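Trainee: Sharing the features that Swiss-Prot gives for it:
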BINDING   Gly194, Pro195, Thr196, Asn197, Ser198, Gly199, Lys200, Thr201  ATP binding site
COILED    693-717  coiled coil
COMPBIAS  671-687  compositional bias 'Basic and acidic residues'
DOMAIN    181-319  domain 'Helicase ATP-binding'
DOMAIN    343-499  domain 'Helicase C-terminal'
REGION    16-42  region 'Disordered'
REGION    662-692  region 'Disordered'
TRANSIT   1-18  transit peptide
Amino acid sequence: MRRASGVLRVLGGLTQRCSTSSTPSSSRFPAMNSRRKRNSVRKTATIEDIVEPRKVKHVTQTAAGMGEWIGSLDNTNIHMSLDEFMRRPMVRQLAKENGINDKLFMRSFKSFREYCTPEDLNSVDPGLLILLSDISKGTKDCEMLYPFFLDHAKQVFPHLEAMDDLRIISDLTRPHNWYPEARSVTRKIFFHAGPTNSGKTYHALKRFGEAKSAVFCGPLKLLAAEVFHRTNELGIPCDLVTGEERRFAKDNHHPSQHLSSTVEMLSTQMRVEVAVIDEIQMLRDEQRGWAWTRALLGAAADEIHLCGEPAAIDIVKKLLEPIGETVEVRYYERKSPLAIADKAIESYSNIEPGDCIVCFSKRSIFFNSKKLEENGIKPAVIYGDLPPGTKLAQAAKFNDPDDECNVLVATDAIGMGLNLNIRRVIFNSCTRQTELLPTYAALQIAGRAGRFGTAYANGVATTMRKEDLGTLKAILSEKIEPIANVGIAPTYDQIETFSFHLPQASFVRLLDLFVSVCSVSDHFFICTVYDMRELAVLIDQIPLPLKVRYTFCTSPLNTEDKRTSAVFVKMARRFSTGQALTYEWLIDMLEWPPKPATTLNELSLLEQNYEILDQYMWLSMRFPDMLPDEPRVREASKHLDSMIQEGVESFMSLLSVGATESKAAGSSKSSEGKRENPSKSEREKPNKRSSILEALLKRADISEDDLEQLREELNKNKK
């Protein structure tokens with residue numbers, strides 16, 4: 001067993017056919033969301049670093065008239081006795097047995113000494129005074145102070161009183177016991193293993209359609225919606241559940257036997273014949289891996305069909321071993337070949353129909369789109385900030401052989417969830433977050449090249465720059481390491497029970513404390529949730545019930561955007577007053593009606609407004625009485641989606657007007673490399689750049705090889 005070192009991901013949600021967990025990132029953010037890459041850094045803070053000491057008040061009754069008992073006792077005598085007490089090895093040993101390590105001991109001792117030596121000794125507990133007097137006279141040993149010290153330490157650090165209970169509550173080593181419904185079923189597990197474009201999901205979905213009742217769990221809202229539409233088109237009634245939306249094949253009084261959902265929204269109480277869990281390798285994801293682990297262990301189905309990379313096979317078997325479930329693996333080969341080109345593109349004049357330039361920031365999207373336009377090529381554009389409707393519209397334009405947009409510029413948002421007829425995937429860079437792309441991510445992106453049954457059946461992967469091609473070949477040639485451990489998160493009930501023992505702790509403090517004491521087995525890690533904690537800090541001073549605060553803090557909100565964060569705080573504050581969050585109140589903050597985008601900044605503003613409306617719909621799913629105008633907000637959201645589509649259609653004119661508007665190229669919800677699109681704060685962080693050249697690397701479109709060449713040239717000039 002080991003102590004968890006991440007920041008927990010805990011989510012709450014819906015009842016009935018919806019999951020009891022929320023879905024903060026299922027529908028809009030791709031798995032490789034680099035905005036959150038910073039979250040993958042494991043937290044190392046211990047409970048001793050987190051807890052704050054409480055001031056212990058002196059007794060209200062005084063020790064007046066005790067002169068005959070304490071004699072000439074004064075603060076000097078007391079200091080001598082306490083110093084001797086502190087140095088005793090036995091005292092330290094007893095403290096450790098009661099959960100007081102050296103750090104807590106010194107903090108507790110400092111408070112204890114201050115308590116024992118006030119200006120007026122009459123305010124000290126009489127029993128303690130008598131003992132201190134006896135110790136100073138030599139008739140009692142200083143170690144007899146320990147019971148008083150321990151009692152004081154527990155008042156200074158209340159968690160010490162409940163430490164054993166807190167460890168029991170935060171024990172996450174046996175998550176399979178959390179799902180009694182699933183444990184009551186004799187489940188058959190099928191693993192459909194293969195690369196992109198191998199037909200693994202197709203075969204699993206065939207079984208989904210054949211079953212009398214079934215649930216599909218996808219990684220993205222777009223994919224869940226696609227399964228929803230296709231299933232209904234086949235004449236099989238199917239409902240849809242995502243974090244922001246519920247749709248019924250008939251109506252809410254007649255739920256269908258088939259359900260398509262984002263993976264976070266799976267209800268572990270829903271009994272079905274077949275459950276399909278797509279992209280099972282997402283178990284490894286730092287942010288969302290907990291949802292796949294929960295689905296794997298908690299889906300109450302006779303048959304579980306897993307689809308994903310072979311790298312997940314071993315860990316899936318290990319996770320199911322304690323409950324006696326075995327896995328039948330079915331391997332699939334890629335239906336069309338994927339080749340690595342011998343040459344890089346190098347020039348935009350070499351771009352051809354069916355090409356997709358993959359970037360890792362909005363800045364690079366804008367840069368490459370403008371270069372293509374200068375070469376007479378009108379591209380389709382897809383990046384993470386775009387609403388689903390706009391993404392689908394851009395994908396449709398690119399896929400349409402009669403449309404002039406036969407080239408695509410996209411972030412790695414294309415890695416999953418969109419059907420695209422791509423011939424060549426062109427990597428604009430091989431780095432993301434200033435680090436080389438991991439093999440599994442590069443293969444996921446490269447695998448989008450070539451699509452069985454289309455004009456581009458044979459796929460090709462290459463790079464924009466000649467110097468990156470060797471790097472790409474090396475990355476893609478590496479074997480994907482088997483997944484060693486998977487994400488896990490505690491339940492809301494665990495957090496709530498934890499809070500009962502620490503009633504004075506803020507929600508932020510509860511999160512930190514839970515992580516510092518919880519335990520997980522070697523097959524698991526606690527999913528990080530930097531954004532959840534940031535949201536908790538934003539509304540820390542707003543009075544909200546724990547469940548409400550908890551749900552607000554699991555919202556799928558971009559915490560790096562000050563405007564959306566400010567609206568989030570206003571929503572929480574109005575909620576706390578008991579006032580309904582109405583449509584009129586909401587649009588009043590958004591300067592409604594919106595104006596068509598004529599610059600990149602204005603397009604970015606429309607995207608922010610869309611995210612705010614999306615946030616409203618997400619909260620409305622959980623608090624329909626307090627956010628009653630979901631239908632009107634959804635209509636407004638559709639209107640914004642259309643306006644954003646129009647803005648993207650006139651993308652090139654926006655670029656010409658706003659090419660210098662660097663703010664519009666801010667953080668995107670898709671994976672954005674810091675090298676391609678660093679924020680101002682990142683550029684200014686101390687100790688993060690060792691030279692001006694490395695600063696240029698972060699600000700401009702310069703590769704690592706370019707940087708090395710610059711160094712060599714400067715060295716020659718010096719000589």
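Just so it is clear, glycine is given a Cβ too, placed from its N, Cα and C backbone atoms.
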Trainee: Within 8 Å of the centroid of the Cβ atoms of Gly194, Pro195, Thr196, Asn197, Ser198, Gly199, Lys200, Thr201, which other residues of that chain place their own Cβ, given that this set defines the recorded ATP site?
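Mentor: After dropping the recorded site residues, what remains is Tyr332, Arg334, Lys335.
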Trainee: What's the most sparsely packed of the binding-site residues Ser198, Lys200, counting other C-beta atoms within 10 A?
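Mentor: Per-residue Cβ counts within 10 Å for the binding-site residues Ser198, Lys200 bottom out at Ser198.
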Trainee: Given the binding-site residues Gly194, Gly199, and counting only Cβ atoms in the protein chains shown, which has the most within 10 Å of its Cβ?
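Mentor: The residue with the most neighbouring Cβ atoms within 10 Å is Gly194.
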Trainee: Same-chain residues six or more away whose CB lies under 8 A from the CB of Asn197 (ATP binding site)?
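Mentor: Result: Arg334, Lys335, Ser336, Leu338, Gly447, Arg448, Gly450, Arg451, Phe452, Gly459.
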Trainee: What are the DSSP helix/strand/coil residue counts across the domain 'Helicase ATP-binding' (181-319)?
Mentor: 55 helix, 38 strand, 46 coil
Trainee: Measuring CB to CB from Thr196 (ATP binding site), give everything in the same chain under 8 Å that is also at least six residues away in sequence.
Mentor: Arg334, Leu443, Gln444, Gly447, Arg448
Trainee: Could you tell me which of these binding-site residues, Pro195, Thr201, has the fewest other Cβ atoms within 10 Å of its Cβ?
Mentor: Pro195
